[in-house]
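Have a look at the structure below, then the notes.
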Amino acid sequence: MTTKGDGVTDGGGEDTPADAAGAVDAAGAVDAQGGPLVRLDGVSKHYGNVRALEGVTLEVHAGEISCVLGDNGAGKSTLIKIIAGLHRHDAGSFRIEGEETTLGSPREALDRGIATVYQDLAVVPLMPVWRNFFLGSEPTRGKGPFRRLDVPFMRATTHAELRRMGIDLRDVDQPIGTLSGGERQCVAIARAVYFGAKVLVLDEPTAALGVKQSGVVLKYVAAARDAGLGVVLITHNPHHAYLVGDRFVLLKRGVMAGSHTRDEITLDELTRQMAGGSELDDLRHELERAPAPAHLGGRATKSA
Amino acid sequence: MTATAPAPAPAPGADGADGTDERLLGRSPLRKLLGRPELGSVVGAIAVFVFFAFAADSFVRGSSLSTVLYASSTIGIMAVPVALLMIGGEFDLSAGVLVTSSALISSMFSYQMTANVWVGVGVSLLVTLAIGAFNGFMLTRTRLPSFIITLGTYLMLTGMNLGFTQLIDGTVSTKSIADMDGFDSARALFASRFTLGGVGFRITILWWLALVVVATWILLRTRAGNWIFAAGGSRDAARAVGVPVARTKIGLYMGVALGAWIVGQHLLFSYDAVQSGEGVGNELIYIIAAVIGGCLITGGYGSAVGSAIGALIFGMTSKGIVFAEWDPDWFKFFLGAMLLLATLLNAWVRKRAEATA
């Protein structure tokens with residue numbers, strides 16, 4: 001599973017362009033211990049004249065969790081779409097295990113070992129759990145016109161794999177839409193782990209979940225990391241990110257606002273930066289001082 | 001597959017033994033039955049049968065049943081691929097006139113170009129499949145709704161059917177090909193009769209049954225079937241896990257074209273000439289049969305068997321009204337009522353299936 005520093009990766013490290021706008025390159029120090037599974041350098045993406053992403057640098061190592069933090073519209077979705085193969089990047093370099101790549105389709109990304117679990121589109125709600133689990137990579141047996149799904153194997157494996165991750169399913173035949181949001185995320189993660197993904201990209205896995213369910217999902221994220229996968233965790237919740245993350249990349253309006261390893265930053269600082277840093281202070285200032293207008297029952301204009 | 005821990009013995013029945021049984025109480029055999037897409041249509045088919053059995057004495061005779069099955073089969077052959085297409089999340093409004101196009105191509109090519117009808121039949125298959133592929137290709141490339149794309153093909157084909165027939169034959173129907181080489185063998189394949197228990201049946205019934213079996217096999221037991229459900233249930237989720245959604249949809253449109261070819265050849269070889277204005281409006285009948293059979297109009301749910309039962313309800317109703325000697329005008333009313341009931345039932349099923357815990 002691990003890819004210890006091979007020649008290709010080292011070569012990749014040398015010609016890294018340092019033109020990434022404002023990118024804090026925390027990579028150099030880590031290259032020695034093993035090449036990153038995925039490395040983005042100054043990656044940009046434009047939609048027409050809209051700059052969705054500009055000069056983003058990100059590393060994903062085996063057995064580590066790289067968190068991408070940002071507010072709505074910060075470019076998080078664009079970033080994962082590039083990694084997942086849904087969009088092609090316009091500029092910068094995208095390396096998988098040291099090899100320069102442009103992914104043309106999600107299938108290609110999967111074949112390269114990158115599995116993505118989306119917040120809303122992880123599963124097809126009306127299909128049974130076992131069909132969802134193997135969707136896109138269905139095992140078959142038999143030959144020619146009698147090549148068919150290996151249904152008993154699919155059912156049994158789904159049941160076993162989910163139980164291994166601690167999901168005790170009533171019935172693998174139930175439509176996956178009847179599972180809770182957290183369970184659906186976990187099924188998707190279990191699926192990625194089972195199919196031998198090297199890199200797991202999670203899009204806001206805890207966004208729509210309650211505290212307890214979020215905890216369950218984060219536990220599986222950590223389990224995937226311990227299994228040796230490199231994890232990209234996209235979130236706007238710094239508390240969740242700091243619980244499991246090893247590196248943190250902050251995005252703001254399409255550009256990088258910071259890049260830190262865990263030992264460089266505290267939760268408070270991460271939260272502050274995530275919330276907009278000094279902007280948050282200004283906002284607090286305004287909220288405290290702003291007198292309520294008269295029509296809302298305040299006394300702001302009474303004296304006037 | 002990749003090497004995994006040894007899987008436990010596949011024993012669905014044994015799953016309940018490991019502490020999950022108390023939650024399984026909610027899924028009794030009755031509930032499992034209620035979860036089948038065909039349920040509504042089976043109940044409807046039985047009701048329609050009983051109704052006409054009492055309303056018309058001649059309805060339960062062997063020859064009447066043969067007539068009913070024949071009427072059902074010509075709809076059913078198309079309803080099967082249309083149902084698959086709907087499960088895959090799309091419509092095909094051109095399906096009705098495509099049947100006529102297929103028959104016209106076969107007839108006119110044979111008559112004008114060669115002396116053997118089999119050449120025309122082969123050319124017709126290729127052209128019809130190409131039209132299906134065109135529908136699918138346009139849909140996946142433009143990402144326009146299939147309603148618009150196939151409405152366009154529907155109108156174009158309607159015009160071409162009339163226009164080309166007028167241009168080549170000078171009338172609204174093709175010339176008879178009954179005296180050409182290969183007509184008898186082609187008729188044997190597409191439009192012959194066989195006798196079973198003293199009652200004569202049309203061969204389209206066999207085509208229909210074969211298609212239902214093949215389509216059910218594809219849907220439930222092949223990778224392509226899994227992809228059809230996924231493409232219709234959630235296109236983006238399917239694409240994200242690597243399902244070739246575009247390829248699947250193009251394949252589904254070509255399936256509809258294949259059905260249109262079979263029915264088209266049947267029409268041609270049972271009458272030896274084709275009326276160029278036929279087929280308009282039939283596309284809705286196929287869709288209605290599929291919907292009555294439990295296909296969700298939004299895709300992702302349904303079955304081939306259901307579409308067959310939907311077609312059977314169609315055949316029983318259209319012929320039953322004749323046997324009962326009623327005004328055939330009531331046929332449409334009856335159909336509309338069936339459609340509404342079926343759709344309400346489907347909506348209820350979907351709500352139950354998608355309800356999150």
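For all residues, glycine too, the Cβ spot is worked out from N, Cα and C.
As recorded in TrEMBL, the features of this protein are as follows:
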| type | residues | note |
| --- | --- | --- |
| COMPBIAS | B:1-17 | compositional bias 'Low complexity' |
| REGION | B:1-22 | region 'Disordered' |
| TRANSMEM | B:39-56 | transmembrane segment |
| TRANSMEM | B:68-86 | transmembrane segment |
| TRANSMEM | B:117-137 | transmembrane segment |
| TRANSMEM | B:144-164 | transmembrane segment |
| TRANSMEM | B:199-220 | transmembrane segment |
| TRANSMEM | B:250-269 | transmembrane segment |
| TRANSMEM | B:284-301 | transmembrane segment |
| TRANSMEM | B:308-324 | transmembrane segment |
| TRANSMEM | B:330-349 | transmembrane segment |
Next on the checklist: Which range wins on Cβ pairs under 8 Å with the transmembrane segment (B:250-269): B:39-56, B:117-137, B:144-164, B:199-220, B:284-301?
Outcome noted: B:117-137
Checklist outcome for this item: Per the Cβ under 8 Å criterion, with at least 6 residues separating them from its ends, the transmembrane segment (B:68-86) contacts 92, 95, 99, 201-202, 204-205, 207-208, 211-212, 215, 218-219, 228, 232, 252-253, 255-256, 258-260, 262-263, 266, 282, 285-287, 289-291, 293, 295-297, 299, 302-304, 306-308, 310-312, 314-316, 318-320
Item to check | Of B:117-137, B:199-220, B:284-301, B:308-324, B:330-349, whichever stretch has the most CB pairs under 8 A to the transmembrane segment (B:39-56) | outcome: B:308-324
Next on the checklist: Out of B:144-164, B:284-301, B:308-324, what stretch is closest in contact terms to the transmembrane segment (B:117-137), meaning most Cβ pairs under 8 angstroms?
Outcome noted: B:144-164
